[in-house]
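According to Swiss-Prot, the features are:
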BINDING   84, 305  catharanthine binding site
ACT_SITE  173  active site, proton acceptor
ACT_SITE  274  active site
ACT_SITE  305  active site, proton donor/acceptor
């Protein structure tokens, strides 16, 4: 029955225009997704090549390699895209373009994870997918080309050129939230082959933490709704430790499974002033007081979140260079 005869079919549970609508009848309408970009070799703009690799029936990744010399070993950069747990893709231009340029600038093997999206696949699906993808990357350690004959699920770029002593994990917004939860898990569970995460980047991390500063009604609605959409039955709701890292039952931040961490903050979100400064300040203070033994860097930019991905402004280029310098350890 269509909407002309059944008016209830157009009733929404969530109307987050201009991005996504979720209807009571179960339909999901994604109003904004950037164009799909196919795999390519020797990109004329950057010299980077990329391909899409299945990891399991539910998870895949886009793997990137820059122009390099034979036998050169490169850091491995695993990226988790943001966009509300429910939009975009590793294969679409918005995040793909960023990763492509980042791979060219930093000379890394890039692995951009294609995880399942809410609301079709509610959390913790994305958390599990990204852990599975990270374990897949780690499973390449110690292999050589001879291993490819018996391991059809392995990627030769990672085997031949990946330096597992320089494994980095990064994400933006909800992707940074996934990275945070992955770091917690990596501190408790071993990656395959004993691989360790050297460093991680949280770009505008998505946390919900009560603070003394009240968010405006509109900002609070738009900020918190993506968690409610992605994990409507989360134990504890917005006090679930996966979204509130200082909740009473949250894992100890001292257990982060990496040696270096860069937290990057911005002042604007799509030209709207960001109101999460206090949230991230509480998180950073909690991490500093936790006893975590790693090296923490904080970069606070008077810039819009989107500037990093468009690279159309000098500030966007400055943010890009700051993230790149962390990977280069400059």
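Here the Cβ of each residue, glycine as well, is placed from N, Cα and C on the backbone.
Cβ environment of residue 84 (catharanthine binding site): 16, 19, 20, 173, 174, 226, 229, 230 lie under 8 Å away, each six or more residues apart in the same chain. The residue listed as 'active site' falls within neither a helix nor a strand when secondary structure is assigned with DSSP, and so counts as coil.
Of all the recorded positions listed here (173, 274, 305), the one with the fewest other CB atoms within 10 A of its own CB is 274. Rounded to the nearest whole angstrom, the C-alpha distance between residue 305 (catharanthine binding site) and residue 274 (active site) is 9.
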